[in-house]
Each structure stands twice: as structure tokens, then as C-alpha cells.
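*Asks:* Below is a structure I'd like to ask you about.
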Amino acid sequence: METLESELTCPICLELFEDPLLLPCAHSLCFNCAHRILVSHCSTTKPLESISAFQCPTCRYVITLNHRGLEGLKRNVTLQNIIDRFQKASLSGPNSPTESRRLQPQRPYTATISGTIAGTIGGGGGTGGGSARSSPATSSHSHPHANHTNHINHNNANHSPAIVVKMEPRISCQFCEQDPPREAVKTCVTCEVSYCDRCLRATHPNKKPFTSHRLVEPVPDTHLRGLTCLEHENEKVNMYCLVDDQLICSLCKLVGRHREHQVSSLTDRFDKLKAYQVSPGRVSDAVMEASKTSAAQTLENNLTNLVKRNSELENQMAKLIQICQQVEVNTAMHEAKLVEECDELVEIIRQRKQVIAVKIKESKVMKLRKLAQQIANCRQCLERSSALITQAEQSLKENDHARFLQSARSVAERVAMATASSQVLLPDVNLNEAFDNFALDFSREKKILEGLDYLTAPNPPSIRDELCTASHDTITVHWTSEDEFSVTSYELQYTIYTGQTTFISLYNSADSWMIVPNIKQNHYTVHGLQSGTRYIFFVKAINQAGSRNSEPARLKTNSQPFKLDPKTAHKKLRLSNDCLTMEKDESSLKKSHTPERFGGTGSYGAAGNVFIDSGCHYWEVLLGASTWYAIGVAYKSAAKNEWNGKNSSSWVFSRCNNNFMVRHDGKEMLVEASLQLRRLGVLLDYDNNSLSFHDAMNSQHIHTFEISFLLPVVPTFMIWNKSVMILSGLPVPDFVDGVASDLQELQQQQMGLCRQESPYLTGMKTCH
């Protein structure tokens, strides 16, 4: 906090900048302090309006004024805003002094930008918002004895605790007779007295001996007393020991341990050190060399680092303030959205409550109506049964045999019929009609409501390199996601990776990326890619809350497949039907000669049917029993009537019986290879300007050409005995890719050095 306060302090008044001016040298100065500097240069013959320049108090850079004077300089609005925020944050803590010297009660944190930033400063960093400066009429500038402790803003008392900023008091004139004395504008180091403008002109006229007095900006009395010697308490330091790099007094030089040391005056040492630190371009070389001491160098380095760090801190602080503001905006937006969504849920629950209540009432009415009908039926049956029972009981009481026999038959039939039909007439009582099977079970909905939370962006997906596949023009990318059910869609982005730029620079270059949006599955096949080319892929998982990217994955397409071109084959070579095998055949039929066909004595060669101008390509040659061959690449313009490698347009690896060599531009160099070499691997990395040969069976590197390709190249093959077979369109093996990566790293380390096309040795044996 103190470091931040020091960065916001004016070098003249030693207070926080007020109405700061942005000087051309990039330093800042209070407007009033700049005005006082101009006033200090005034005299009876030189009015204030005639002053057109002054020196920056920090770096002594000469500031030139136009006809508007100080009004012509720009205001440092950004610095003023930072100071205002800093003051508001500093004054919003519970320990800030008030007019009544009472502590304000601390309240819970409130979601405001001022509280957020004030809390940040209280914790050790950040900046607050708002302004706590008083108006010019009530400012502490109006009274020289005023205590410059900033007053608290009571409206911010509920914010997080912060550190109180206390400013140093003004320097008063020590020569004024009026009460209170005026504010000092200069301090005379020689007199050790601070003067106001009027007293300074009266006591220090522009004549000797006062011209030798040293005037500085106003400083407190404690600074005027100077530093005392560490070895002699009552003596002031007035010399500088160059041997021990230490301040000393006169006694140290006369009788102390520095009496034999070389010393310098404080003024000379100050001038040399200041000249080296501030304006090294304005002093002579001799003075520069004399002043380059370890202390000066250390101070200059530290000052440079501090200035750089301050600039970084200002940028970082501005970004943090912007992020805080964005947090406030986003928080308010999400809070409003939360209220809106919850209100909608409450409204849905209220509506469903009404609907279910209506259903319950309707079911109640239907069940009661049905039960009432059943009760009525039971009542009718009961009445009929009661009447029949009464009649039967009366018949049983009859003593007259004739009368009993006359009525007993009909009564018995009716009782029998009533008894037989009692089960039918008796209403069926259904327990379901009592609403016992009805339940309100909202447990599932309650769990869902208890799990309500704001949606976050899905976790970054992960590209599965082991599942990704490639051909010469397609790459299928597979990935997995931990939050698969929360992902709405995926987005695949890819670009060519040459190895010459970092991923960060590629990522920041939006124009170079191809985008495939709205992918629903966890894999995608990209078509139309360049063969033998490295690509960078990353996948973005997207939902309503945002998106997150996977780690970048480097994938590459396979080499360009090709065959032997019959139009280029020498007339004494026989090609197979699939154009993958070539054999030396002296008895083959004569072919018509064309410009693209290999011709001439001994030039038994053929070329591939593809021209390569980009990418990384790998093919292998099955050598069989052949002991005399030359394999490589060449420009289209390479001569067809001579061996490959005899000109500057072709590069080959060849075998002449038991000798292996590489050849280019007529120069040859022996290389080591096994006599049992049966499978030759060729890696052409056109983008990185290299052509390398490998023993594919033993995974051994043989030789690498470093070539500055100017034109497209074509694979070339020459044999003088037996036959060879080519295998093209192959992926680059791991051992070959590792060598290529090492070579690429070596090339980057040697960047800036002159590159030679090939390191050839002279005087080597030539194969004929």
C-alpha cells in the first residue's frame, strides 16, 4: 500500500497528485507545484508570463511551454482517476479518523465496485473508486499549518477495511514575520532556511555572495540538518570515500580509517552520479567512464526495472479495475436473471397448485355424487326389506290356519326372492372412492429444486491423440468430455503449424484459424488438408454459460502418395504395371525420347509423378539386391542426361558397390551406412528446408541436407543394376520425426548465422 502511495505522490509537494499535468518526459506534476516552479524563476526583470521553459523535478528534462503556459500541457486524467479511486478506497476503512475520532461500525460487504476495490487494497493490492478531495476553497492548501490527513467520506463507512493515507504537512516560510507564515517555495541548503517567494527575493538577490547558495524545493528541517557520520556522532558528512563507496566526515579523513583513501566532495559525486543516471547522453565519454561505478550501475538498473515495473503495475491495475467493473455489471445482470428465473418457477408452482386444487375438488364432487347415489339405493333397499320383514313377522303371528295358509305362500316367495337378490341389490362399496389412493408426491421435484444452481461453462474437452487418424488429405479428430451432458455443441478449430511460431502467437492470429461449428458428436473428420503437413487442433465445448478450450494437439497428415512416372523413365528401365518398381533391363524396347525422359549414357533414372512445394513427406525405397543406385530429389529444371547430384538442382544419396555417399552440385561426401542396407527412408521437410536419409530397418539416421528450396521438387530414382521398389504416402516414423525435431531445434538455435546449403568435403573419391 505504501509503495502504491509513493507512486501516486508528487515529487514537489510530497502529497498525492492534485490536478496532475502530463509532462513530455512522461512524468507527472501537480498543476500548483508546476506554477510554483515558474514563480521561483520570476524576478523583477523577468515576469511570470515571460517564462517559457522549466526543468522536470524528476529527470531534469527541459519542458518547453507554448503561449498558453501551463494550460498548454495535457492533464493526466488516467492518473487523476487512479488517485481518486485510491483515496476513496483508503478512506473507506473502519479505522479511518473522523472529525469526532470515533470508529464507524463495520457492516457486511456490499456488492459495489467501491467496496470490492477497497477490500482489495485492504488485502494488499488493487485500487478503489471515487474521490475524496475537498474543493479548492476548503482544501488544506489554504492554511500552511493545516494537518493534511485526508478526511473520511462517511458514505463509504460500510466498505471493507483499508489503510488511511496521511500526508506530510506543508513547509512554511521560516523568515516571514506574519502569522501564519506563507508557504515556502524554496529552501536554501547553505542557509538551512526555507523561504516563501517574497522573502526569497528579499534575502537572496541575484548577486554575490548569494549566487553561490544552493536553492532546492522546500524540505523539512529534519532534512536540512543533514546526515551525521556513523563514526563521529556530532559531525556531519561532507565527503565521499571513493574507495569504500561511503559517506564520511572531515575527522574520518584526517584521523580516521579513511585518511589514506581517495575522497571526493559531495557536490562532485552528486553531479557525476546524477549525470550518469539521468542524462548519460549529455556528458563526455571521460565523465561517463569515471562515473560508471557499481553503485551507479546498480541504481540505474534498479531504476529502469522500477520504471518498467511501475508501467506494468499501472496497466495491471487498470485491467483489474476494468475487471472489477465488469464483475459488478455481470453480477447485477446475473442477480436480475436469478430473480426473474425464480419468479417464473414460483409462478409455475402457483399455477400448478391451482390446477391440482381444481382437480382435487372435481374428483371430490364426482366421488361424493356417486356415493350419494349409492346411499340412496341402499336406503330404498333398506325400506323394502323392512316392509317385507314386518309383513313376514305379522304373517308368523297369525293363528288362524286358513288365513296363514292364504298369506304365507306369497310372503315366503317374496322373502325368498328378496333373500336371493340381496347380493345384487346391495351396493358395492369401493375403497378407492374414499381418496385413499391419492397422494401428493413432489420428492422428485423437490430434489430438482434443491439442485438449482447457476450453469457454468463445461470443463475443457481432451483430444485423444491415440484415437486420431490421418490420411494424406484428411485428419479425424477424437475427443472426450467430462461434462458431456452439459455440452450443447462442440467447435473444432485448426491451423497449419510450421514450427517457426509459438502457439500463443498463432492463437492470437484469428485470421489463420479454420472453424467448424455446431458439432454434436465427439469426433470430426476434416477434409481437404495439405499432405505431409502439421496442424494444430483444439476443441471448444460450448453451452449457454460459455465455452472452454482443450489443450492444443499437434496432428499431421500423411505424405503425398506417388508412383513412378513412365514418361520420365529411361529407355533401358522397365516399370511394373503398378509403376512402383523399376528394373534395369538392357533388352527393353526402345522408347521415344521426350524432354522429360532421362537420357544419355548411364542416366538410368525415373522420377515420381508429383511435384512437392510444401509439407513434410516420407517415403521408403526397397533396395533389394541392388548395389549401385542414387535416390533423392531434384528441381524440374535438373538435367536429364547426367547423374543426379552432378548439378546444383539435385540432391541424392547413392551407393557405388561398397561406398555410400551424398552428392550435390558435383561434390561428394562419404557417409557411413550398413552394407546390409535394404530399406532406405527419405524425409523431405520442404517447409523447414531439409532432406534426410535413414536406414529404415535399423532406425538410424544417415545424412541430412539443409537446402533453401526455391522451386518445387520431384522424387528421383536411378539404378545401375537389379531393381528397386518405392513405398509412398507413409506416415513419418517416430524415430525420423524425432531427428527432424532435433534438427529443427538446432536450426532455431543457430538462427542469425549464415546457412550453407551442404557441408561437402573436397578431394573425396568420385564414383564413375
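Cβ atoms are placed via backbone N, Cα and C, with glycine included.
TrEMBL: automatically predicted annotations, no manual curation.
Keep in mind that what you see is a predicted model, and the values were worked out from it rather than measured.
Below, the features straight out of TrEMBL:
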| type | residues | note |
| --- | --- | --- |
| DOMAIN | 10-60 | domain 'RING-type' |
| REGION | 114-157 | region 'Disordered' |
| COMPBIAS | 120-131 | compositional bias 'Gly residues' |
| COMPBIAS | 132-141 | compositional bias 'Low complexity' |
| DOMAIN | 224-266 | domain 'B box-type' |
| COILED | 296-330 | coiled coil |
| DOMAIN | 396-455 | domain 'COS' |
| DOMAIN | 457-560 | domain 'Fibronectin type-III' |
| DOMAIN | 542-735 | domain 'B30.2/SPRY' |
*Asks:* Between 0 and 100, where does the mean pLDDT of the domain 'COS' (396-455) sit?
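*Replies:* That stretch averages a pLDDT of 74.
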*Asks:* Do you know the DSSP helix, strand and coil residue counts for the domain 'Fibronectin type-III' (457-560)?
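*Replies:* So the domain 'Fibronectin type-III' (457-560) is made up of 15 helix, 46 strand, 43 coil.
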*Asks:* Pull the DSSP breakdown for the domain 'B box-type' (224-266) and write it out as helix, strand, coil residue counts.
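*Replies:* Within the domain 'B box-type' (224-266) the tally stands at 7 helix, 11 strand, 25 coil.
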*Asks:* Within the domain 'RING-type' (10-60), count helix residues (DSSP H, G, I), strand residues (E, B) and coil residues, in that order.
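*Replies:* Each residue of the domain 'RING-type' (10-60) counted once, the result is 13 helix, 10 strand, 28 coil.
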